[in-house]
Amino acid sequence: MNYRHAFHAGNFADVLKHAVLALCLNHLIRKDKPARYIDTHAGTGRYDLTSDAARRSPEWQAGVARVMDASRPEAVEAALAPWLKTVRACNPDGGLSAYPGSPDIAAAILREQDRIHLCELHEADCRTLDQRYARDARIKAEQRDGYKALAALLPPRERRGLVMIDPPFEQRDEMAAMARAARAGLERWPTGTFIFWRPLKDLWACDRFDEGLAQWLLFEEGFDPEKVLRADLWVRDLESEGKLAGAGVVVVNPPHTLEADLLALLPWLCDVLKQGEGAGWRLDGALTEASVDLDTL
Ligand SMILES: C[S@@+](CC[C@H](N)C(=O)[O-])C[C@H]1O[C@@H](n2cnc3c(N)ncnc32)[C@H](O)[C@@H]1O
């Protein structure tokens, strides 16, 4: 449990992950019926960009700060609008001194009738979450293993909603743990929207997760191909040394509008967030010719 998101909050990977999350949540609230948001790896909810951690590792300057400063074409502005609104909401003075994590984004977008369940295994971080949202009756924070919690939490009473799985990837078998959670979660709740975040550190392992998940859903569970959408962004050559160069999400049961929004957004993000040669992006259904069994990851 060494991972501290405060060192990475607002970086390029957060921008894509959180823009996707905000678009999915925004779509959920189009209907009056209540929805449930479950965050298996919640972090602390909001990040102080003037903190010691953010000063020592100012990754946000090449992430959220660049996006805020850039001139944004209309289609990009529309695709970023739900997320930008949450960034502005936690910076009421108009500056950029705080960054909303996934719990804060859900709290800002969801309504009174919705419920938010946050799991965070780190004791102090969970206490921070608990204190931050103590007065918000919609939100429950638990110090609990998010993967294990899914069995008890799914399907939610509301029957509509979203599960965000955003692990720190500090364990070597994290991809396998996420694959088990994906299978167990989707078996229990095949109509829920699921967002799986993964770093593009080991592209081979990452592609095996994506392909195994897509193949299982399409060929064994009878999902339509448009029910799996993968969006990745890399800000320099993935082979380059140093900090994380690429990351993205696989979304299961995405809103039907997500692909078009991301098609407008990804080339622009790639241009604005690039940190060197070899930056790129991909948006597809995560399927190739390879045959991967999700259980063997
Ligand atoms: C990448 S951060 C989460 C960031 C957050 N989702 C966001 O977007 O703002 C991952 C978090 O998972 C926590 N964590 C690690 N293993 C966990 C587990 N098995 N269950 C729940 N939380 C865990 C870490 O303490 C860390 O705060």
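Cβ coordinates come from backbone N, Cα and C, glycine included.
For reference, TrEMBL has these:
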- Asp166: active site, proton acceptor (ACT_SITE)
- His18, His41, Ser102, Glu120, Asp145, Gly146, Asp166: S-adenosyl-L-methionine binding site (BINDING)
- Tyr3: site 'Interaction with substrate rRNA' (SITE)
If we count other C-beta atoms within 10 Å, could you say which of the recorded positions Glu120, Asp145, Asp166 has the fewest?
-> Asp145
Listed in sequence order, the residues of the same chain lying six or more positions from Gly146 (S-adenosyl-L-methionine binding site) whose CB sits under 8 Å from its CB are Asp39, Thr40, His41, Ala42, Cys119, Glu120, Leu121, Ile165, Pro167
Taking just the CA atoms, what is the gap between Ser102 (S-adenosyl-L-methionine binding site) and Asp166 (active site, proton acceptor) in Å?
-> 9
His18, His41: which of these binding-site residues has the sparsest Cβ neighbourhood within 10 Å?
-> His41
Identify, in sequence order, the residues in the chain of Tyr3 (site 'Interaction with substrate rRNA') that are 6 or more apart from it along the sequence and have a CB within less than 8 Å of its CB; answer 'none' if there are none.
-> Pro168, Glu170
